[in-house]
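Over in TrEMBL, the protein carries these features:
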type     : residues      : note
DOMAIN   : 116-296       : domain 'Malic enzyme N-terminal'
ACT_SITE : 139           : active site, proton donor
BINDING  : 192, 447, 491 : (S)-malate binding site
ACT_SITE : 210           : active site, proton acceptor
BINDING  : 281, 282, 305 : divalent metal cation binding site
DOMAIN   : 306-560       : domain 'Malic enzyme NAD-binding'
């Protein structure tokens, strides 16, 4: 008690005593640099088992010029930094200016990723406060070019690499990662990076960018995420001939041996981090669905290209129905033309199909709503080249029909593009669709921008301004006939950060179809009537933290209802919004003290 009274007296005196500027404390009084701030603000210091330059070189703990006087003394790096202390706000302003000074998006990406390697707290603070401006820089569309340059830009390793040469060693390798409490892992094999194809080990830029969004948008702390690349070779001849390529320089391993490599990785991860969510990212169509089928019931995992894109698209379709004056329960009454029968296209169809069943439509009616076409035309039952998932949506008639023929014959109300084939949606297709539908819903979803099936300007022009439009890549507002149209982005970042946050917080045993459906409903409900009147079917990116919180709550409620939670308790469920909010990472500097070795 006496010690507490003395400490309180010291704090009280410190709160009234003006700060003295001296050689030992070279900061102005306006910076309010008291060592007891953590006590008054109830922030426990962070204990770190290192000091001096080791902290300055660790991006998880480094604050750069923001270290306070007391920290510089007790952590033994006074003199290792310039004497003037900058607050986080000042650092952020300085870095944002440096980013904006770059004339190209890839230059901005390099600038902010350099910060990522120095100071993760400031990096994520910048993202949180400027997410609308910076999300396209750290992820789509800029991340595609960053991946293409990954080998030449490589400076510092981030994440883990598991290769075919590591077979039988992965169970031990996972212990090389220093963090004990990993919540989310994003893994790619680099075989189908965005619309760019096989980039091999250079695809690591995708997990890194995705997890930056998990932290900034989903509120998951950066020490709890792990980007992973599984390197089994590449079929990209340009990379195989590149003397500076950092991946295995041989053709891709396929078949049984490939699945054995992935399986060893999955078992190793589950053994060390049994509650971690694994997100499959940018796997080629031939393996994406089989991998999901292999692990969805035994591991906490999902495929973002299949399920994340599907849930986001579902939310957009529900919002579009509202925008066209229809009830969201009418999804099963729509005629949906999907261009692209790969894992993404079939995955979107699967999520929409499950949503129709949730709304009460029978299986036959729901299945009849879909018209799916690939490069050979409409999927029909007499085709012998279809896999199981494609065959499920195959129709009785229309073999070989192209998009324009399908539009003329079946009069679709929704057009979705998941082909990575830039410019695929021609003028005649959209005009034909518009002639048969008062307010057509048009979503060219492929990334990056060069792979989009059409632009926003084309869609509005060819539909005479009647369409409801959303796209995978961002487009600027369009002026037409004195009216401004506001295209919104159908971006998976509205779903996966909240899904990961919710699943990890409640310790869900798996990701279910109902959890995906409820995620989509939560996202769709976030769009206001005023936004719908403007043609916007997705919320503003600046609202992403609130969206992620709503999605996380919906995921936890559904997992609790299904009895598949292992971490959340009745007490947290009774005040779920506050519970989730309290667990979301907020990138601010906290006091650091040395932990005894």
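Every residue gets a Cβ built from N, Cα and C, even glycine.
Positions of TrEMBL features highlighted on the structure.
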residue: 139; record: active site, proton donor; DSSP class: coil
residue: 192; record: (S)-malate binding site; DSSP class: coil
residue: 210; record: active site, proton acceptor; DSSP class: helix
residue: 281; record: divalent metal cation binding site; DSSP class: coil
residue: 305; record: divalent metal cation binding site; DSSP class: helix
residue: 447; record: (S)-malate binding site; DSSP class: coil
residue: 491; record: (S)-malate binding site; DSSP class: coil
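For the binding-site residues 447, 491, the greatest number of Cβ atoms within 10 Å around a candidate Cβ is found at 491. Residue 305 (divalent metal cation binding site) is 15 Å away from the residue listed as 'active site, proton donor' when you measure Cα to Cα.
A 10 Å radius around the C-alpha of residue 281 (divalent metal cation binding site) takes in these binding-site residues out of 192, 447, 491, in sequence order: 192.
Using Cα positions, the member of the binding-site residues 192, 447, 491 nearest to residue 210 (active site, proton acceptor) is identified as 491. For residue 282 (divalent metal cation binding site), the spatially nearest entry among the binding-site residues 192, 447, 491 is 192, judged by CA separation. Each residue contributes its Cα atom, and for residue 192 ((S)-malate binding site) and residue 305 (divalent metal cation binding site) those atoms are 10 Å apart. Applying an 8 A CB threshold to same-chain residues 6+ apart, the list for residue 305 (divalent metal cation binding site) reads 280, 281, 282, 283, 288, 343, 344, 347.
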